[in-house]
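Peer 1: Dumping the structure here so I can ask a few things about it.
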Amino acid sequence: MVAFGKKLKERQIQEWEGYYINYKLMKKKVKDYTNQIEAGSERRHVLKDFSRMLDNQIEKIVLFMLEQQGLLASRIAQLNDQQEALQERPDISKISDLREAYRAVGQDLLKLLFFVEMNAIGLRKILKKFDKRFGYKFTDYYVKTRANHPYSQLQQVFKHVGLGAVVGAISRNLADLQDRQGSYLSIYDQPTLPLQEPVVDSLKSAVDRLTHSTNFLEFLGQHALIMHDELPSAVDEHIDDQRYHFMSLILNLANTFLYMVNTYIIVPTADDYATSLRAAPTVCGVVIGSMAVAQIFSSVYFSAWSNKSYFRPLVFSSIVLIIGNAMYALAYDAGSLSVLLLGRVFCGLGSARAVNRRYISDCVPLKIRMQASAAFVSASALGMACGPAFAGLLQMNCKYFGITFNQVTMPGWVMTIAWMCYLVWLSISFREPARETDIDDAPEQSSAVQNDELEKGLAQPLLTSTEHEQDGDGDQECDASEEAPEESREPANSLGAAYRLLTPSVKVQLLIYFMLKYAMEILLSESSVISSYYFNWTTGKVSIFLASLGLTVLPINIIVGNYISNMYEDRQILLASEVVVFLGILFSFEFIVKYTVQQYVCSGLIMFVAAEVLEGVNLSLLSRVMSSRLSRGTYNGGLLSTEAGTLARVVADATITIGGSFGEATLLNLTLIPSLVICICSIVATCCTYNSLY
């Protein structure tokens with residue numbers, strides 16, 4: 001794996017070489033500063049010298065950017081004059097030439113945006129490296145003092161001040177030159193009017209990434225924690241196109257949907273099933289949690305298996321889930337709690353979510369990967385809502401051939417049939433993608449392809465997954481060649497190795513993920529017991545309540561993805577969401593007054609919605625602060641987050657069962673106390689690492 005410094009040098013636009021950040025020099029200076037501190041130099045002198053060097057580098061970048069901006073503006077002004085002349089004497093051939101001239105300006109603007117992108121990445125990396133070396137929150141100080149100053153040059157780099165006007169000018173003039181069939185409307189009159197100009201689409205995409213703005217698809221995609229390599233290339237896109245198969249993607253999304261339905265379809269009736277087998281209602285915690293226990297192990301072997309195949313793990317998953325659901329349904333007639341639990345364990349062993357994530361990460365082309373990631377999250381949310389809803393519809397009681405079909409066994413039978421149908425569909429339609437070793441090495445890229453690569457590179461998020469600490473994982477200083485030792489670039493090959501790559505910021509984000517999954521599992525898994533004890537709710541009412549909670553996921557993500565995340569920093573939303581989760585948990589406690597339906601529903605809704613907001617922002621930040629070595633391999637970032645969430649569910653379900661042993665009257669408060677404590681710990685941890693969350 002090539003280090004960032006060398007990759008930066010390779011990707012530089014040659015005629016602008018002298019205006020890029022001198023990343024190699026700054027790395028060397030950081031190393032020199034370390035030696036100076038060890039030799040007894042004062043820290044404040046080091047900070048002052050590093051600040052001055054950064055200011056000089058940024059000033060060099062900004063002045064060149066403004067110069068190029070001016071040249072582009074001059075070219076647009078000249079083209080505008082030509083366009084005015086054509087208004088009086090239209091000439092179709094000249095109009096076509098004028099369009100091409102505007103497109104050429106757009107291509108040059110893309111080069112400038114790519115220039116800004118590379119420098120922004122370099123600045124963030126060198127700031128992270130400095131903080132890591134000295135254990136000093138210099139980044140927070142530097143960004144605040146420079147970005148908030150009225151004459152800030154840093155804003156020019158990270159907020160591309162002025163470039164938006166150039167993009168707008170190109171878009172407007174190309175739109176005016178487009179045949180509008182006699183319409184006198186401009187893009188300002190109808191901003192949603194589609195403009196079929198690839199260069200404009202590329203410019204808008206680049207500007208969106210550069211401003212760290214987001215939209216609904218991006219926000220949903222961040223929930224999936226499908227991490228990307230730092231800088232995409234045309235070769236990568238070529239490989240992706242060879243491996244991608246639309247129906248195979250749909251099958252992975254269907255697997256995700258069915259598994260989430262399988263997880264939550266038993267929740268409304270789990271307590272009744274336990275009671276019918278002569279166990280306490282609170283044993284439902286063990287029934288629900290046994291699936292999560294098995295998932296802890298299945299996530300690892302499915303992640304490893306997906307290194308070799310995608311089809312075989314999905315087939316194995318479907319067969320295991322068929323067996324598990326059939327055992328779950330047959331446990332009623334067998335009168336065996338052991339068979340019931342074993343069936344749920346089998347269902348957990350069939351969890352192929354790691355395969356679904358890896359397929360999207362490895363086989364879906366970059367240009368649609370965000371949409372595929374968003375579809376993955378949407379499928380999960382839809383399954384979460386549909387599971388309890390289906391359970392509410394399965395109200396029957398009959399017996400055929402000695403097999404009972406009622407509200408507690410029907411979820412098992414329905415999922416057995418669903419997975420059988422899925423297995424047939426999978427066998428017919430799935431296409432195993434070619435492994436990377438089977439794909440011929442791409443030929444040398446021509447200059448034209450390199451221009452395409454430049455345009456594709458701008459589709460990669462700048463300030464999200466592109467800023468992984470590619471060169472800082474082992475903190476290797478390779479000033480001579482800028483290439484780090486191969487072993488420092490390899491993916492983690494064990495959970496222990498992956499854990500050693502976790503920084504304090506990453507550990508805090510995983511703690512937050514654990515907390516929110518724990519709180520949500522407590523709310524969902526004990527809902528049937530609590531609502532039955534306090535309000536005498538039937539299975540149908542519990543199903544409606546849980547389905548309603550699940551249906552809030554997508555609307556909340558639309559609001560956060562389109563609006564809130566553009567108004568506030570992720571870390572601000574993170575902390576605010578944690579506080580709201582805390583208030584939701586606190587309000588859920590049974591106090592001296594009578595516990596009411598209104599209190600239960602409102603507190604549950606507040607906590608669940610806040611946890612959903614928190615999950616998206618948490619995984620967004622996690623993708624940014626996590627080492628790029630965890631973006632690939634078996635023990636990747638997605639696996640770690642899955643394990644943290646699954647472990648939280650296991651602990652929560654165990655808490656319900658243990659709390660239930662003290663009686664249903666005390667179950668609510670006993671299970672909420674750990675949620676409250678973990679939430680407080682996560683808030684404190686967030687405050688301690690707040691300055692490193694950027």
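Just so you know, glycine gets a Cβ as well, placed from its N, Cα and C.
Sharing the feature lines straight out of TrEMBL:
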type: DOMAIN; residues: 2-144; note: domain 'SPX'
type: TRANSMEM; residues: 249-267; note: transmembrane segment
type: TRANSMEM; residues: 279-302; note: transmembrane segment
type: TRANSMEM; residues: 314-331; note: transmembrane segment
type: TRANSMEM; residues: 337-355; note: transmembrane segment
type: TRANSMEM; residues: 375-396; note: transmembrane segment
type: TRANSMEM; residues: 408-428; note: transmembrane segment
type: REGION; residues: 466-491; note: region 'Disordered'
type: COMPBIAS; residues: 472-485; note: compositional bias 'Acidic residues'
type: TRANSMEM; residues: 542-561; note: transmembrane segment
type: TRANSMEM; residues: 573-592; note: transmembrane segment
type: TRANSMEM; residues: 598-622; note: transmembrane segment
type: TRANSMEM; residues: 667-693; note: transmembrane segment
Peer 1: Can you count helix, strand and coil residues in the domain 'SPX' (2-144) using DSSP?
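Peer 2: Residue counts for the domain 'SPX' (2-144) by secondary structure: 126 helix, 0 strand, 17 coil.
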Peer 1: Before we move on, state whether the transmembrane segment (542-561) and the transmembrane segment (279-302) share at least 3 Cβ pairs under 8 Å, counting only pairs 6 or more apart in sequence.
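Peer 2: When sequence-distant Cβ pairs are counted, the transmembrane segment (279-302) does not touch the transmembrane segment (542-561), since fewer than 3 lie under 8 Å.
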Peer 1: Could you name the stretch, out of 249-267, 279-302, 375-396, 573-592, 667-693, with the greatest number of CB pairs under 8 A to the transmembrane segment (337-355)?
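Peer 2: Maximum Cβ contact count belongs to 279-302.
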Peer 1: With Cβ distances under 8 Å as the criterion, find the stretch in 279-302, 314-331, 375-396, 573-592 that has the most pairs with the transmembrane segment (249-267).
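Peer 2: Of the candidates 279-302, 314-331, 375-396, 573-592, 375-396 scores highest.
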Peer 1: So, taking each listed stretch (375-396, 573-592, 667-693) in turn and counting its Cβ pairs to the transmembrane segment (408-428) that are under 8 angstroms, which one gives the highest count?
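Peer 2: Between the stretches 375-396, 573-592, 667-693, 375-396 has the largest tally.
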Peer 1: Quick test of the contact rule: Cβ under 8 Å, at least six residues beyond the ends. What residues does that give for the transmembrane segment (375-396)?
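Peer 2: Cβ under 8 Å, 6 or more out: 220-221, 223-224, 226, 252-254, 256-269, 356-357, 360, 405-407, 410-411, 414, 539-540, 542-547, 549-551, 553-554, 557.
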